[in-house]
Amino acid sequence: MPKKTIANLSRADVEGKRVLVRVDFNVPLDDAGNITDDTRIRAALPTIQDLISKGAKVILCSHFGRPKGKVVESMRLTPTAKRLSELLGQDVVMCDDCVGASVTEAVNKLENGQVALLENLRFHAEEEGNDPEFSKQLAANADLYVNDAFGTAHRAHASTEGVTHYLSPSVAGYLIEKELNYLQSAIENPQRPLAAIIGGSKVSSKIGVIETLLEKCDKLLIGGGMIFTFYKARGLSVGKSLVEEDKLELAKSLEAKASEKGVQLLLPTDVVVADAFDANANDKTVKIEEIPDGWMGLDIGPDSVKLFQDALADCKSVIWNGPMGVFEFDKFAKGTEAIAYTLETLTGKGATTIIGGGDSVAAVEKVGVADKMSHISTGGGASLELLEGKVLPGIAALDEA
């Protein structure tokens, strides 16, 4: 069911009202406590600015890191408040907690169009426990609720699900709306041919996605460490490459299912192997039938890149989730980089390209083509679960349109 969004709220609906907005400000920091990538903060700006312009009192809440229910000084949201103030061009009131009298006092002082940021939700264990009393306390300082944290929408926490029982309306922000539009339509109503590129090291973490995509897509391209489980299932020798021994039968059944459904399932034909898992290891490119004993595959080879590029050439929609190799090591990043450039070209020709969260986002950013993609998902696990066709609790809890 479509959900009510912030776009459905008029100025009259929110002016002078206290609006609790769940955002995802779980941003990376360096050792000195500086934000190294503010993408997630910038992603929430359209929703925040819309509420400011409509005269709302904006109360932002987010988790940061994994403090496990206690106050950890290095996990305070102070650096985030500072960066957000710079981006908005106005002071953001930083609260010293997310519930309680001090928060009520700070919120009561807000003028229309002002913004407050509550302290890290996960300083309270009740947040992840979706505790009703904590949800009620969180909701007590607000009149209505907006969820714009797609990255945590697959979790039923107090700030994503619990508060919706006490605040009405509860609606989706612009970021969640965009995520749903792209990810759901890519699966339910794509321009064809639809290709999915699935990478990463483990078949086990991508089983659900591969199974769902086999029902929906025309071509499925598989790269990353999981290819060796498929090769071993075919009876090939894979040296010291990563293999999930308990998933060999599954790999066979996925290949069988693809051919039964008429889905073109492509695996690399050559790989870059190394004699150690190391950025400076000795490396060579070999055909998949010729992986030497004691060596491990860490990237797809140039022939495979060409094979994948040819398969993608006529595609109108492409979903990419997971790198082709160990792209953190420059020596083994070529396959992943080539796919990123290929998608850039396809987008330029009118294809819809969706980067489905996690490491593939880091990859397109590293290559510098992130802004050339149709859509970059901000959720890792949430994107995967949505692509798997699962119901996300944080979305299900919102009002229906």
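Every residue gets a Cβ built from N, Cα and C, even glycine.
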Of Arg155, Arg192, Arg234, residue recorded by Swiss-Prot at the substrate site of Asp24, Phe25, Asn26, Arg40, His63, Phe64, Gly65, Arg66, Arg122: Arg155
Residue among binding-site residues Gly65, Gly297, Gly358 with least C-beta crowding, 10 angstrom cut-off: Gly65
Of the binding-site residues listed as Asp24, Asn26, His63, the one whose CA lies nearest the CA of Gly297 (ATP binding site): Asn26
Least Cβ-crowded entry, counting other Cβ within 10 Å, from the binding-site residues listed as Asp24, Glu328, Asp359: Glu328
Distance [Cα-Cα, Å, rounded] between Lys206 (ATP binding site) and His63 (substrate binding site): 26
Extent of the substrate binding site in Å [max Cα distance among Asp24, Phe25, Asn26, Arg40, His63, Phe64, Gly65, Arg66, Arg122, Arg155]: 18
Largest tally of Cβ atoms lying within 10 Å of a Cβ, found at which of the binding-site residues His63, Arg122, Lys206: His63
